[in-house]
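A quick write-up on the structure given underneath.
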Amino acid sequence: MADEEEDIILSELNDEELVQQMFDDLYDGLREEIEEGVNILLERGWEPYRVLTEALVGAMTIVGNDFRDGILFVPEVLLAANAMKGGMAILKPLLVETGAPRMGKMVIGTVKGDIHDIGKNLVAMMMEGAGFEVVDLGINNAADAYIDALIAEEADILGMSALLTTTMPYMKTVIDQLAEKGIRDDYIVLVGGAPLNEEFGKAIGADAYCRDAAVAVETAKDFISRKHNQMAAG
Amino acid sequence: MTHPLARLLETRDWLLADGATGTNLFNMGLSSGDAPEFWNEDHPDRIKKLYNGAINAGSDLFLTNSFGSNASRLKLHDAQHRAFELSKLAAEIGRECADASGRTVIVAGSMGPTGDIMEPMGTLTHASAVEMFHEQAEGLKAGGADVLWVETISAPEEYRAAAEACALADMPWCGTMSFDTAGRTMMGLTSAAMVDLVEGLKHPPVAFGANCGVGAADLLRTALGYVDAGATRPIIAKGNAGIPKYVDGHIHYDGTPELMAEYAILARDAGATIIGGCCGTMPEHLSAMREALETRPRGERPTLDQITAALGGFSSDSDGTSGEPVETRRSSSRRRKKS
């Protein structure tokens, strides 16, 4: 029994075993272990971008899938995101230095009149966990605030969140203003929030409604890759 | 322990609670983003209208307009210092309406979540959660609430903090949670786990249950989960009037009064004692529910199929109460280095 309970020494694992162990550790929200794993892979000569995509994003995808499927819930996801953050803090400056490809940038916030931000915070965390850059505008955002940030940040994605049925329609106001300025199609517009549904997303002219944070990440990845394909084809 | 709600529960085998607060106030002109609690001071006439809407539709119990009158929520409106005062006002108006009704109507002091995530995942400590709820509870008590009514809670830690605050205020209380994520609360609590939570409290609620969440069907599955977990104290069912739909720039809940009447009957047959609505539930829904509860006989416990046939499908296949171990995609077998 004593043998089975012995600590796993991360540095003694080969690359493949280590990545698998990091998948487990991120799933369990073990921040220090994730930081250690990231450092070991870097010492072994892994490119920062490879550590991000193969170890961290790979691990977070599993967390996201189990969250989507109702196997994990908010507390576990918050712990995993916290572990991810630890790893990202090490990688971020290195990614900038090495000019690693960007996943994409999202501007996110709850809409004007809506101060409920737990869902929005989850999406921001999961998006960061998936390697996206996130500009969080916080709560109660007017259309101008979103649009100014989209332009200033050269963002790819706009994420809007509303918990109240009374604030949901404001999402349409923001999309309409983007259209008036002739820049609606420059951005991927994702909407979410407890009372929304797919029908609503379509009715207001969003690109997609995202049921939860995990779906938001998958949808964002999907749209970004399509955008890249289009650019390659064009 | 005798208080008005306990006495009422002794004489009746079901009670009709109220419906929506937000939906009603928005219809009276509340702008989204504004704190509804300010209306306790600025528009007491409209709050009276809200309460009387429920009373005249036959509610035996209604919730005060104090859902967000805790320091943490009011801080978003720079009014964190007004928690006691706004809570007290909400209850005072309620007391006045209940006393004028000419029958026994319970004034239930609404206490919604702080909106913060508790330690260790978040920043809110147990002590400060208790303090905030206690301040609100004292305000509601001073305003004349018969019972405190903790609602829409997701985290067991927050439910416990609210229970402690109600004990400090020396008040009986009821407490409901919102089951909106795959049949569980956002924090992953199942209906069965909530029964354990409730029974483990030093100051347990008079009645407990579920409110809001997804649709009326999901809420009844939760109620059945309580019964199956061996719940002994009265169960509360306050479900939304269907699902919100976007029609011509406005939000409309698709649950008709007829549907909510069906829901009320099914809720009673499922084992709930205190039955009401939540978002989208207007006085006309409550009247239909009252009539159904008064005129239709009790039936057998509904099956899940009967619930979905009457009210529509569930939001998820399972609600986590089947007892089967959940299959995760990763093992959590690692021994933590620092335990």
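Just so it is clear, glycine is given a Cβ too, placed from its N, Cα and C backbone atoms.
These features come from TrEMBL:
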BINDING   B:Cys212, B:Cys278, B:Cys279  Zn(2+) binding site
REGION    B:309-339  region 'Disordered'
COMPBIAS  B:312-323  compositional bias 'Low complexity'
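Just so you know, the Cβ of B:Cys278 (Zn(2+) binding site) picks up 29 other Cβ atoms within 10 Å once every protein chain is counted. In this entry, B:Cys279 stand out among the binding-site residues B:Cys212, B:Cys278, B:Cys279 as having a C-beta under 8 A from a C-beta of chain A. When each of the binding-site residues B:Cys212, B:Cys279 is scored by how many other Cβ atoms sit within 10 Å of its Cβ, B:Cys212 comes out lowest.
Sitting within 8 Å of the Cβ centre of B:Cys212, B:Cys278, B:Cys279, and not among those site residues for Zn(2+), are the Cβ atoms of B:Ala20, B:Thr152, B:Ser178, B:Asn211, B:Gly213, B:Lys238, B:Gly239, B:Asn240, B:Gly277, B:Gly280, B:Thr281. In the three-state DSSP classification, B:Cys278 (Zn(2+) binding site) falls within coil. With DSSP classes pooled into helix, strand and coil, the tally for the compositional bias 'Low complexity' (B:312-323) is 0 helix, 0 strand, 12 coil.
B:Cys212 (Zn(2+) binding site) carries a strand DSSP state (E or B).
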